[in-house]
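Please read the structure below before turning to the comments.
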């Protein structure tokens, strides 16, 4: 059951991701990204990681994609199809990506080809909460500082200088 | 002030040598070594010895050096301090050679003499001929000294010692002995200006005349004779070396005498005659007999006296007249002043020339007869070819010597009746010769400080022949007298007719000098140029190219810096993929 | 003893740092005086290291002295503490009869340079930095001469480079800024290249032997004449040959010498070149004995070519300082040939020639510098001729130095060359004798060429018609400071010439 | 469920991201591709967590952390893109070559 669910969500994710990197309209790409991220969240769910799935939808779909759309708006991105979407290196980049995929895929299959994921009890949010606030509390706090720093950095970067 | 100190030191040191020689006379031979150091199983250090040979040579060096130092007091005024210092240093070096029992100490003296000779020849360094003559003298002797050094190696390593008194020919293998002595002979040939290294000595004549007397007649050039006499056992043990020595000596004595016959400058005649007389000593040594060695040393002593005397006389001519060229002297002679005004010089020079020519009764006659006698004995009793060859060439040389002595004496001091006062045969040297007559009113003989040594040496040139004890072989004496007459008569007849035929080939001294210049000097200069260019354009070019290629490579690498982040990133990803594949391959 | 050695290592280094760090402004004279005092103390210390007992060094820490023969004596003034433990690198210094004379030479020349700088300074000034750099060089060179660890040797070898580079670059010929910059850069790049090769060689040695310690390496050398030991020997030899410098790696030398200031030339020729030959004797021969035998004929061959090529190049020079620089190529060729002969006489000759060359060439460069200062150029044609008439004493000293340099017996230059030739006549049994005899003959002809170019120099510079070369008004003959500075070198030249045993004795039986 | 399934999915997503980053001109699209790659990593983390079950939920925690970092990163990235836009008037990564070596600066 979960396998089937995962397979469906995965297929959607891959298809949407292909659209993200190939779409001629940038806004469409952003919207396809939403689909991809949602599908990945579905995958998380299929892996009984509901908390991560929810965070994924909240943060990515809710925040990041909105941010991206705002950025597109601010940079006056054309909504019509672009003639020169990719650089001249794109066939080369595709080849590299394919080689990398083969390499990694082969490695993965070699290493974990016989492993199976046993079904785990649902409701792991509790366990994650405990884990974060007991074992990982220090990295968590450092992460909050990092977020703060990123916040300040973003403000500093995007602030217009006086003379502009 | 400094000059005075050096003058006093110079004279004092030469007198000290005479004193030492007198004190050592008759003393038992002794040896001492000092400052030794061990190199492997060889000992390198210094050693001195005294024996008859040492005493003899010390006396010769001391007396001639004293004469020269005293003579120079009056002869030389400019740069006197360096001059006297160098002459003293030279005397010390010669004394070192004479007393040395270590081949290395001998070499030190040997080469310091060469350096002093170089510095003294270039005493008048503002003159071009002095400069080039000095360089030539040093380089040719230096070249020969390389052979000398190698000879020391061969003999020393072969015998296991560098002590002269320990060199035992019986303990050295014949091959090593021949090689070693031949190499030593190279040094001797260079130092004594024998063929084929003879050209430096005539060119060394621009040096001050006293220096020519001391270094280039009496002592340094005779050091070669001394060396062979010192190592006589070793040399005579190798018949090859002795044959080579005989050939060299015979060729040299004839060659040099022929050159002397065509020279038109007093000092140059004397220089060639020195070469020739040294060759006579070598020919005596090459006989390989005790008589030969004795004859050579006897001739060395008498030659030191009369040749020193002759050079000092030439010095007087130079000092009082200003030149020793025939053409200049003739201008004085035709007015009849030279002989009368320079009476002491004329008389002593006559004695010297007579001794050189071998006029009976003079020292040179006796010593040359000893050589002839030794050659005769060797040829007659031992049936040696060398003996015959030496006998023949010494006899021939005696004739030639008499010829050039008579020629010099007559042309310099006497008006030729046939020319009725004209300069005659030498005017080609100077087209202005007849136009200008020298002012002869101020011409007078030199001071007694200069004439004293002349007289002393003239006494030697007269009397030294009798020191050795009179034992004349009358047949040989008669023969040599006839030979001398054969030489004198043509000279007289030519002079009286006012002719001085000088074959061009002899005037050019058989073209040896020019040939050497073409064979050695030119190519070396060319090679030097090549080497400078090679350094600049070949080796330097490689270095510059290395630097240049570094710059070029860096400029090429700069092109990768496109400024495009994606390009960089592509490169990074390619690198990661490549590394991953590589890691997989290696792990496999 | 080890306190003295540590002291003469640390003193110049600390003094140099202090000279830089001092906030007060120091006059040129005062700086030179400071340098003279410091280097004088170092000189005293180095003389105290001199041992009166004779004999070759032996490493008694590992073997009892008795096993090494009667002439052996232990390393002196040893300090041996760990330095970089993970790499097995130790701070191991000590001296023996090979290094002490070189250390004394270093201290002496540095001292004389400082004294000389009291009165005679490069036009650009900045004596404080110059003196400090000289002291750093002194410390580095003494360190290299006493290092008993390959890495320590390498470090000291490199310490010397940069100050020398700065000296040429800053205080060099002020008429030709581009030329001096190029000379300095060529110098530093070529020597660094050489050092890099040498370091590679050291690493190979470490791989084979597992230690950088020279004492252990000498007692149990890396054997085998092929494969990795051969590669290591080649790397070390080529690396050191750049410094020697051996033909054809000498190309940096004439420019560096010609453009350097007087004290720089003196230090460069007198001391720095010795690092290369010292390294060959100290490291190549004992540590890689078999491989050295393999490469020795080639080393000897290149040395012989260096003798001839250097001399020929001298014959074609028109610049005084370049000529003397090229003469160093020839003389160091003799040293190389002596080392290549691997015989007792050759080694001692090389060591002796090292010292003699340091003294004589130091003197030559001092005199050349004096002539250059007086005429503002070192071009022979511009200087003119008849120096005897204009500067008689300096001319006489130049002649003396030239005669010493051409190897006149009775002066220091002779014994080294003579022993080298003797070594080549009778080389080590492992070497092809005929080849080395050919080298000997060619090198012997090289001495004639040496004489030829020095006589040419004297003839073209000292002699000549005074009427055509009038004295210039400001040309002063030998000054007092020059007399004081040069007389020790003259005295040593004569002393070593008449008493070579002074040094030869010290080395005993190699 | 076989473990390779999520892992292969992650590989595909990652490589699509790589392709996007290397080939797209628009800087914002590049950032989006970056998000794809991060998601692939997250997928791996979660998959391994489900497979390994260490009791501490390490993988999931780390995934949450990565999402947080991604949020920070996209914030900064978009700020930089805005800056680029302000300076050049476009957001074409291929045309932004301010760091190129100019030939005239060669010595």
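Cβ atoms are placed via backbone N, Cα and C, with glycine included.
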- Which range of B:385-403, B:499-517, B:518-536 is transmembrane segment in TrEMBL? It is B:385-403
- Note on the structure: TrEMBL feature transmembrane segment, matched against B:548-567, B:568-587, maps to B:568-587
- Message: Labelled transmembrane segment by TrEMBL, one stretch among B:31-50, B:171-190. Can you tell me which?
- Response: B:171-190
- Task: Determine which residues of the chain contact the transmembrane segment (B:309-332) at the Cβ level, with the cut-off under 8 Å and only residues 6 or more beyond its ends counted.
- Result: 67-68, 71, 75, 208-210, 212-213, 216-217, 264-267, 270, 338, 342, 345, 348-349, 351-353, 355-356, 411-412, 423-424, 426-427, 429-430, 433, 437-438, 440, 443-446, 450-451, 453-454, 457-458, 460-461
- Query: So what's the average pLDDT for the domain 'NADH-Ubiquinone oxidoreductase (complex I) chain 5 N-terminal' (B:38-79)?
  - Reply: 87
- Item | Winner by Cβ pairs under 8 Å against the transmembrane segment (B:385-403), considering only B:80-98, B:269-289, B:344-365 | B:269-289
- Query: Which residue counts does DSSP yield for the domain 'NADH-Ubiquinone oxidoreductase (complex I) chain 5 N-terminal' (B:38-79) in the helix, strand and coil classes, in that order?
  - Reply: 24 helix, 11 strand, 7 coil
- Do at least three C-beta pairs under 8 angstroms join the transmembrane segment (B:80-98) to the transmembrane segment (B:211-232), pairs 6 or more apart in sequence? yes
- Using a Cβ-Cβ cut-off of under 8 Å, list the residues of the same chain that are 6+ residues beyond the ends of the transmembrane segment (B:211-232) and lie near it. 53, 57, 60-61, 64-65, 67-68, 71, 87, 90-91, 94, 97-98, 106, 110, 113-114, 116-117, 120-121, 123, 164, 167, 181, 184-185, 187-189, 191-194, 201, 204-205, 245, 267, 270-271, 274, 278, 281-282, 285, 293, 296-297, 300, 303-305, 307-312, 314-315
- Query: Excluding the flanking five residues on each side, which residues at least 6 beyond the ends of the transmembrane segment (B:146-165) place their CB within less than 8 Å of a CB in that stretch?
  - Reply: 31, 33, 41-45, 47, 49, 100-104, 106-107, 110, 171-173, 176-177, 179-188, 190, 230-231, 234
